[in-house]
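According to TrEMBL:
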- 7-30: transmembrane segment (TRANSMEM)
- 166-187: transmembrane segment (TRANSMEM)
- 217-236: transmembrane segment (TRANSMEM)
- 242-270: transmembrane segment (TRANSMEM)
- 290-311: transmembrane segment (TRANSMEM)
- 529-558: transmembrane segment (TRANSMEM)
- 579-596: transmembrane segment (TRANSMEM)
- 621-647: transmembrane segment (TRANSMEM)
Amino acid sequence: MKTSVRLLTVGILLSTVISAFIAFVGASLLSTLDYRLGNEFVQIEDFKPDSHTETLFPELSEFAGDSGFDVSIYYSSLADSDGELRIYSSALPSGVANFESQKFQRGEKLVWYPLSEIPTKEPRQVFNIKGSENDARDLTTWLEERGYSVIGLQNLTWSFVMTSSLPLLVAAAFLLALVLGGGHCLVRAREIGIHRLLGLKLSQTLRLDVTRLAKQTWLPFFLAIIFIAAALYLYNDWAEATLFWAFFGVSVLLQWVGLALGYVLGQLLVRNISIPQAIKGKVRARPITYALYAVRLLALLTSLTALSQVVDTGAEVSAREELQPYWSGHANEQEFALSSNITPDEKEQAAAAAPLRQADREGKLLLADPFWLTWPTQLEAPVILSNHRFAVQAGVSPSEEDVTVCAPVALSEESKQTIIDSVAFEAELAKKKVPDFNWKEDCSLGQVFSYDVELRPVINDPIVVSLPVGLEAIGDRNLLAKASQKVLLAIEPTVVGELKDGTVGKVLATAQPHADSWRSSLEEAKDQFSLWSLNTVVAILLVSLLIVAGLFSFQVAFRRELYVSFICGRSPWKMCRKILLAELFFFVTTIGWVLYRLREHKEQLESHYPSTWSMGFENRWSTATVLAVVAFSIVWMCISIGLTLWISARNQMRWTDSEGN
């Protein structure tokens, strides 16, 4: 007895395609988090003077090797590694040449060195441990016995995974497989009834379907695997391919479990009715109908979330691309990243900050901090804390010894006092005298390029607060923090070379063109747009499938009432009023969800919370977002009503023909 397994075939092939995307997203995410370095973390916070820090790393490497676990440290400095990010690991014996390992992301790599050869004696580091919790405790005990103060750090890897879009995609794929598996049995209810009439048990029907399914899908599945492997090779030469295939295998298996679970549940529902009813297709579909509508509600909210994210990220990409021309003239400015081991010693901080102050006196640095005065403080215009060179570049004529405040409008006394208090606070931390203030009101600068990557690269008529030359009003630690926040920039690459020597060279980990951060943010926005587009496609496919499944299930569940309505000559609209009410409910739910999210977004924007300081958040819930959500809801409602009328017309023709005969 042959059976059709078209829905199961669709499920198998869809699982292959969707799993490839899931594997790519998952592998990219874990590779970004450098999962290979371990899943336990400890950090040295402080140490005693007699801790013998000069021998810590060779002894630690030996201890880790004897204990059977690996310890790795990220390290980079302009002085020691020329800005190259390195991993020093106990897995490499002393004297072994460094080597590179490719990451899953194309073009990215890890550079490995022996831990015993790390060029710093600074013990305040974060240690990545490739081992168990007991290994982390043993390492902590070993360090504490040698006079080090150690704290354990939480592993946030799976928190990042669970807060990404990956769980949503996996859940939608599983639900889709579940619906396809159950739908197969409901669509083939007559064939299952015939199987029962012939005495075939569930296991025998299952064996027939699996045999037929294997014959139909083995070749397409095999070809799909070959195509995916070839695409992966072209992308990254199979770097970290094991991670990709692990995600792929788990995803495929999970979706096949969904297919199998849906298949078994569908079989049980069909086999729970009498054989004559099954052969006639009279399945007890009311519970199925209600369950389908409940699942559809969840899928609808999921798809709306995904759709809004698509429009949001699309709007962010568009906004960033519009701002791209502003960056074309700013390719030379260099940003810094600081080492994680900045010393708390004030003398060493002063030694590290001194070259930066000298570079500022020579006009080789740019300070542009648009987040110096933000939430909850609000002035007449956005504020940029700047140095002398940036102020001149923006169009101000600042004093070299005083704080110059350029404001587009007259500032209130309260606003002036806020600026004075903020500068005084910085000067107090720096243990310096508060400079005098030079106020320039009605100082309109027009559009000012702020070098901000995340929110406002261009600000209209800001308040520019220019500090005296040398940035003495900012403390040493805060000045280094400005560099780590990427608001203190070198004007050109040659300045970076001048800062490589001495203490500052060890504190500054890396340097790169600041425009690279802008390009990275644009590429990240594009990646998010692609990922959410995939999630949306899967979610929309799931909702569409549930709409069709719900309509056919409704026709089966209420066939008697529909037939009686036909006999009584009632309008098709009245016959299907339950479906119309259901569709109205889904539409109203969608509109209510949109209104709720709009109000929530407006409140967050008005609050100016730090969580709203991103271009993506500002573009969220634009007019395009609302129109897209409402348009999809209307399309879904029209499709559902149209299919309902088509099915009703088809049933009426069939009933008319049966009465005529």
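Just so you know, the numbers here start at 1 and follow the chain as drawn.
Cβ coordinates come from backbone N, Cα and C, glycine included.
When Cβ-Cβ distances below 8 Å are used as the criterion, the transmembrane segment (621-647) is approached by residues 303-304, 307-308, 310-312, 314-315, 540, 543-544, 547-548, 551-552, 555, 572, 576, 579-580, 583-584, 586-587, 590-591, 594, 597-598, 601 of the same chain, each at least six residues removed from its ends. Cβ atoms under 8 Å from those of the transmembrane segment (217-236) belong to residues 9, 12-13, 16-17, 20, 102, 104-106, 244, 248 of the same chain, restricted to positions at least 6 beyond its ends.
Distant neighbours of the transmembrane segment (166-187): 5-8, 10-11, 14-15, 18-19, 21-22, 25-26, 29, 209, 251, 254-267, 269-270, 283, 285, 288, 292, 295, 298-299, 302, 305-306, 534-535, 538-539, 541-542, 545-546, 549, 552-553; these residues of the same chain sit at least 6 beyond its ends, with a Cβ under 8 Å from one of its Cβ atoms. Listed as Cβ neighbours of the transmembrane segment (290-311) (distance under 8 Å, sequence separation of 6 or more from its ends, same chain) are residues 165, 168, 171-172, 175, 179, 528-529, 532-533, 535-536, 539-540, 542-543, 546-547, 549-550, 553, 582, 586, 589-590, 593-594, 597, 620-622, 624-625, 628-629, 632.
Listed as Cβ neighbours of the transmembrane segment (242-270) (distance under 8 Å, sequence separation of 6 or more from its ends, same chain) are residues 8, 11-12, 14-16, 18-20, 22-24, 26-27, 30-31, 35, 104, 170, 173-186, 189, 192-193, 202, 205-206, 209, 228, 232, 278, 283-284, 288.
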